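Here the structure is laid out as structure tokens; the discussion comes afterwards.
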């Protein structure tokens, strides 16, 4: 083969990588695997990787893509036995200024590290780790913290000792950014070192970081505490972590307390049930009563999870009083978070306690002035229903639900509509017709389209629940009556409703009730109505075609209607009717 032809792919890449246009350089990087395949493993190692190593001075976007590509490049340079060749360019990328590039380089190095054998690790990876850890710029030291966990288990005992010492130095680095990175990766490293070194080396590092002067470092040690506690016995946890945990719960920085509150269930599971029962209940109560709304919000999200870890008596005596206070919290976000979670207490407390203690709180939250609170409590009512039954739920909460059905916030009305079929299933047809029937029809005339649309779907679901005969007597006459309403929006809703209901009713009902209304509206003066009629006909044709008795109606009534609409003066009407005609053929 002509050497010039052989060099052609690399020549293109070099040209594009040196091009002034960033998009061309970016495309070249994204095609690296193609270029490598064209060159073959030998030349990819000898020419491509050194060239890439020299191209580090580029736009961040290009470097980010390069850092990602190199992580999956081992197969293109000859497999794992040559994987160490990729370490050099990635080491350079791990030291650049842009955080996203460094993080991607660390991610790629963590992909390559497990493919190295011990000899490659000792000869190439460990020196790389040392260089990054001792780098003059904090950027390289920050990246180094994310590379210890992956290489540790493959290293020799002597190297492991050095790695633990080096990581300890990074935890005590002068630069807060490095200490933050060390705190971020301490948990992963802790899981690799084994229990003996965990107690002698890692826990002192954790203690030092958890007392750091920067709250941005201290807050990151919360997840470390979870990771380390999972590796220890309950007695060891009590010895090493009980005091730091108490200190963290009372930390002067709300961000640290927020992290504790947000991870409280994980922490409780990690340290074991004895510590949770004896010492963490009071800590949790403290977080639920914290003076910062963000902390209370995070703690509210942990209430059901923590309640599962303690006995019922503890919940009623310690947690429930805090929950009652939070129902009237000054922060709407705290109340919204509580509304999302409070129903989770019902299965834990059981029917009697739920009825006595939780129902009044649900009622209070359903009447909250902030719509998200009302929305959250509605969306979780099913959990409560499973515990106390629909009869009790409807007696106590139905008046509030009916009130919310007319809420000024349309999203709250929408949530109620979504809940109606479930209520209908459990209330029965008589109770439903008496209490909620008129409400369901009123939504069809709502000022918000999403409500009208949801109301039509709701009617179909109700038809599926109560049967076609019920729909024929109760719903369909009212829906069809709207088809002659002077306001075109009501006529439009009729089309949507009958189209939505058609699959749920019998073909006979479609023929006798729905079809006459659709054919009447073909001549409606409003174009929006006419093109929706075309869409409706398209949806009705498959329904009518399923039954031999109604199939002839497609040719007799629906196709002529579509032909008429396809000659309409309005472009949209013609478009949708022609589309429907194509579907019929």
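The backbone N, Cα and C atoms fix where each Cβ goes, glycine too.
Curation does not apply to TrEMBL; its annotations are automatic.
Small disclaimer: the values here were computed from a predicted structure and weren't measured.
Taken from TrEMBL, the feature repeat 'HEAT' applies to 86-124 (among others). Sequence-distant contacts of the repeat 'HEAT' (86-124), counting only residues of its own chain at least 6 positions beyond either end whose CB sits under 8 Å from a CB of the stretch, comprise 49, 52-53, 56, 60, 63-64, 66-68, 70-74, 77, 80, 131-132, 135, 137, 139-140, 142-144, 146-147, 150-151, 154-156, 159.
Panel annotation: around the repeat 'HEAT' (163-201), residues 126, 129-130, 133, 138, 141-146, 148-149, 151-153, 155, 208-209, 212, 214, 216-217, 220-221, 223-224, 226-228, 230-232, 236, 240 of the same chain, lying at least six beyond its termini, place a Cβ under 8 Å from a Cβ of the stretch. Per TrEMBL, the feature repeat 'HEAT' maps to 163-201 (among others).
Residues or ranges marked as domain 'Phosphatase 2A Regulatory Subunit A helical' in TrEMBL: 176-269 (among others).
Same-chain neighbours of the repeat 'HEAT' (202-240): 164, 167-168, 171-172, 176, 179-180, 182-184, 186-191, 193, 195, 247-248, 251, 253, 255-256, 258-260, 263, 266-267, 270-275, counting only residues six or more beyond its ends whose CB sits under 8 Å from a CB of the stretch. Taken from TrEMBL, the feature repeat 'HEAT' applies to 202-240 (among others).
Using a Cβ-Cβ cut-off under 8 Å and counting only residues 6 or more beyond its ends in the same chain, the repeat 'HEAT' (241-279) has close neighbours at 206-207, 210-211, 215-216, 218-223, 225-226, 228-230, 232-234, 286-287, 290, 292, 294-296, 298-299, 301-302, 305-306, 309-311, 314. Residues annotated as repeat 'HEAT' in TrEMBL: 241-279 (among others).
The average pLDDT computed over the repeat 'HEAT' (280-318) stands at 87. Under the heading repeat 'HEAT', TrEMBL lists 280-318 (among others).
Per TrEMBL, repeat 'HEAT' is recorded for 319-357 (among others). Sequence-distant contacts of the repeat 'HEAT' (319-357) (same chain, at least 6 residues past either end, Cβ-Cβ under 8 Å): 281, 284-285, 288-289, 293-294, 296-298, 300-308, 310, 312, 364-365, 368, 370, 372-377, 379-381, 383-384, 386-389, 392.
The domain 'Phosphatase 2A Regulatory Subunit A helical' annotation in TrEMBL covers 357-504 (among others).
Positions annotated as repeat 'HEAT' by TrEMBL: 358-396 (among others).
Beyond the repeat 'HEAT' (397-435), the same-chain residues lying 6 or more positions past its ends with a Cβ under 8 Å from any Cβ of the stretch are 359, 362-363, 366-367, 371, 374-375, 378-379, 381-382, 385, 390, 443, 446, 448, 450-451, 454-455, 458, 461-462, 465-466, 470, 474. Positions annotated as repeat 'HEAT' by TrEMBL: 397-435 (among others).
DSSP assignment over the repeat 'HEAT' (514-551) gives 28 helix, 0 strand, 10 coil. The feature repeat 'HEAT' is assigned by TrEMBL to 514-551 (among others).
Among the features that TrEMBL reports, repeat 'HEAT' is placed at 558-585 (among others).
Within the same chain, the repeat 'HEAT' (514-551) stays apart from the repeat 'HEAT' (358-396): fewer than three Cβ pairs sit under 8 Å, each pair at least 6 residues apart. Counting residues 6+ beyond its ends, the repeat 'HEAT' (358-396) has Cβ neighbours under 8 Å at 323-324, 327-328, 332, 335-336, 338-340, 342-347, 349-351, 403-404, 407, 409, 411-412, 415-416, 419, 422-423, 426-427, 431, 435 in the same chain. Panel annotation: around the repeat 'HEAT' (558-585), residues 515, 518-519, 522, 527, 530-535, 537-538, 540-541, 544 of the same chain, lying at least six beyond its termini, place a Cβ under 8 Å from a Cβ of the stretch.
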